Amino acid sequence: MTHKNKYKTLLVGNPNVGKSALFYQLTGKYASVSNYPGTTVSITSGKMSIGEHHEVEIIDTPGFYNMMTITEEEKVTKQIILDENPDVVVHVVDAKNIERMLPLTLQLIEADLPVILVLNMFDELKNRGMDIQISHLEHDLGIPVVETVAIKGEGVSNLISRITSVAEGRHAYEKLNVNYGKSLEEKISDIQSLIKGDYAISKRSIALLVLQNDRDILTYIENEPQFNEIRKIVEEGAAAETSLSVSHVLHNLASSIIKEHIKKSTKKQKSSFQSFVDKVTFHPFFSLIIVAIILYYGFYKFVGQFGAGFLVDFIEVNIFESYINPSVNNFFRSILGDTVFFNLFAGEYGIITLGLRYAIAIVLPVVSTFFLLFSVIEDSGYLVRLSMSLDRMFKKIGLSGRSVIPLILGLGCGTMATIVTRTLETKRERFVVTFLLALTIPCSAQLGVILGILGVSFTALSIWFFTILIIFTIAGFVLNRYTKGEPATFFMEIPPIRWPKIGNVLAKTFNRLKWYALEVIPIFVYASILIWVGKITKIFELLTGLLAYPANWAGLPDKMGEIFLYGFFRRDFGAAGMYDLTDVMTLRELVVATVILTLFVPCIAQFSVMIKERGTKTAVLIFLAVIPFAFLVGMILNQILLFWGMA
């Protein structure tokens, strides 16, 4: 048996530079390949074999701007660097923005990490009429530099060769040294001399971060024998001024290096088409027209009418109701009879006849069409432009354009979107977005079902849409007024508009569907079991009876009590249950019910993530605030519609 050398490689870099695309090229496995910042929140790893003798574990890390971390996402990446002891650190940068991203490379070099610099999207750099002298840049930095076009696989074989070389210690250049000036260098030396332990990064790098009062690093070295003396030096210094000084030196050095090695070519720079697209997508009026087109044709026509309408009707009526449910009922009745155990698997609330029917016939078609649409939007590069366009508007409710990302992801899955809120810069913004996700943002399956139910009437759908929009705005203003903390700053890398690649779109859609199916189908099964237990013990009957009271006050039938309870197991589970009531409810009742269901408590999965991300106290506060508010809005809306004369 051949012995393999095993190495560990980290992919690090700013969001939106192609780390996930490069990860796929190296491992053949997709992370969440993104065209906007902050997508790869969870850590994805894969294996790569190089010949018969080398096996490399590739870890795709969250977006990372600086060793002095701000967001939770950056902190995770720094912790991985400190904990994983990587054999190679591949710093992926956007080649056309290398000057701005090179300071992080310098920090990684200074940390004495085995760095490879990857200049990704090199074709876009050349399309702008520029080129970089790779060999000269390699020599000055003292690390390997590789040019790639990750989405096309160009330069990947060279990168693999360099990974092997660095992992085996076969690298000849002497690494660049950064000089911060006499005063700061003396302080660095003082702290270095006090650090006795062995760490994953250099003592010089630790000293620099300590002088900037990096709390993560101070915790990292707190067991040092002379830690109190180190802390004293930090307290005597001016951490903010040191940070500015370090940043100034790194950016000036990066600028001088790049100016020396970048050159203009005779190729045409940005195309007139690209310039036109940039103007249109950032125009205050035309950008709203684009949003309206996406909402109408993307969400209403594609997700609503095609996904929640045609596909759901076809699968539910022609497959489940015609074949699967009757067969399941007959099978379990033949072996269990009309016993309590028959109702566990079949009948009105059975695992198969209700749980799997909702999950596969109603939810899956809707989330499939949503994720396909979302993948097209993000792969085109438009999503980040939408964030920039909405930044000014969002600032009025204390949010930044970065908040657009989790809010739009919430239209796919509120659980996933709540996890993504960790990419937001401030605790204040994370709380506000989490609250808005729980209160006003329907998941894709819920949205699709609502579009399918109300799509028969443009008036009804408009009432639902503008009611939720008004509540979103009011809630945003109130939360902005009473939530403590400073509003977040906002900056984003703007990728060029590209034609979405079919392979990327399908792979991302499949990856998200796989994640969603693994999460949603078990929960639908568990929900069916809980309903079954609740039916036997009469607890379910008690809870639905209690919820029937506020439902009646809002002009809704008793049966809606069950639907609202379903909604806690999963929002889409509750929405799917409304399909069974569409023939017995009036249009007014459907509008009121869909508004309450949208505003009602987050599903149990999203609530669990809220506890994990925001804490039990905050999650319970949101939960308890949402329930009475949802019914109050429903009651008011019902009276308005009755006054208006809607039947």
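Just so it is clear, glycine is given a Cβ too, placed from its N, Cα and C backbone atoms.
TrEMBL lists 13-20, 60-63, 120-123 with the feature GTP binding site. Counting only residues at least six positions away in the same chain, the Cβ atoms of Val17, Gly18, Ala21, Leu22, Val92, Val93, Asp94, Ala95, Thr148, Val149, Ala150 sit under 8 Å from the Cβ of Asn120 (GTP binding site). In the three-state DSSP scheme, Asn120 (GTP binding site) falls into the strand class.
Per TrEMBL, the feature Mg(2+) binding site maps to Thr27, Gly28. When Cβ atoms from all protein chains are considered, those within 10 Å of Thr27 (Mg(2+) binding site) total 19, not counting its own.
Positions annotated as domain 'FeoB-type G' by TrEMBL: 6-169.
Taken from TrEMBL, the feature transmembrane segment covers 280-299 (among others). Long-range neighbours of the transmembrane segment (280-299) within the same chain, counting only residues 6 or more positions beyond its ends whose Cβ lies under 8 Å from a Cβ of the stretch, are 373, 377, 382, 385-386, 388-389, 411, 447, 451, 497.
Residues or ranges marked as transmembrane segment in TrEMBL: 358-377 (among others). Note on the transmembrane segment (358-377): residues 294, 298-299, 302-303, 306-308, 311-312, 315-316, 319-320, 383, 408-409, 411-413, 444-445, 447-449, 500, 504-506, 508-509, 512-513, 516-517, 520-521, 524, 572-573, 576-577, 579 of its chain, located 6 or more positions outside it, place their CB under 8 angstroms from a CB of the stretch.
Annotation source TrEMBL lists transmembrane segment at 397-419 (among others).
Here the transmembrane segment (431-455) has Cβ contacts under 8 Å with residues 299-300, 303-305, 307-309, 312, 362-363, 365-367, 369-371, 397-399, 403, 406-407, 410-414, 417-418, 421, 424, 461, 464, 468, 471-472, 475-476, 479-480, 483, 571-572, 574-576, 578-579, 582, 590-591, 594, 597-599, 601-603, 606, 610, 613-614, 618, 622-623, 626, 629 of the same chain, all six or more residues outside its ends. The transmembrane segment annotation in TrEMBL covers 431-455 (among others).
Here TrEMBL flags 461-479 (among others) as transmembrane segment.
If you look up TrEMBL, you'll see 515-534 (among others) marked as transmembrane segment.
Sequence-distant neighbours of the transmembrane segment (590-609) (same chain, 6+ residues past either end, Cβ-Cβ under 8 Å): 414-415, 418-419, 437-440, 442-443, 446, 450, 453-454, 460, 463-464, 467-468, 471, 519, 523, 551, 554-556, 560, 563-564, 567-575, 578, 581-582, 619, 622-623, 626-627, 629-631, 633-634, 637-638, 641, 646. Summarising the annotation, TrEMBL assigns transmembrane segment to 590-609 (among others).
The transmembrane segment annotation in TrEMBL covers 621-644 (among others). With a threshold of 8 Å between CB atoms, the same-chain residues lying at least 6 positions outside the transmembrane segment (621-644) that come near it are 434-435, 438-439, 463, 467, 471, 550-551, 553-556, 588, 591-593, 595-596, 599-602, 607, 610, 614.
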Item to check | Sparsest-packed among the binding-site residues, when each Cβ's other Cβ atoms within 10 Å are tallied, from Gly13, Pro15, Gly28, Pro62 | outcome: Gly28
Item to check | Euclidean distance between Cα atoms of Phe122 (GTP binding site) and Gly28 (Mg(2+) binding site), Å | outcome: 21
Checklist entry - Cα of Pro15 (GTP binding site) to Cα of Thr27 (Mg(2+) binding site): how many Å, rounded? => result 20
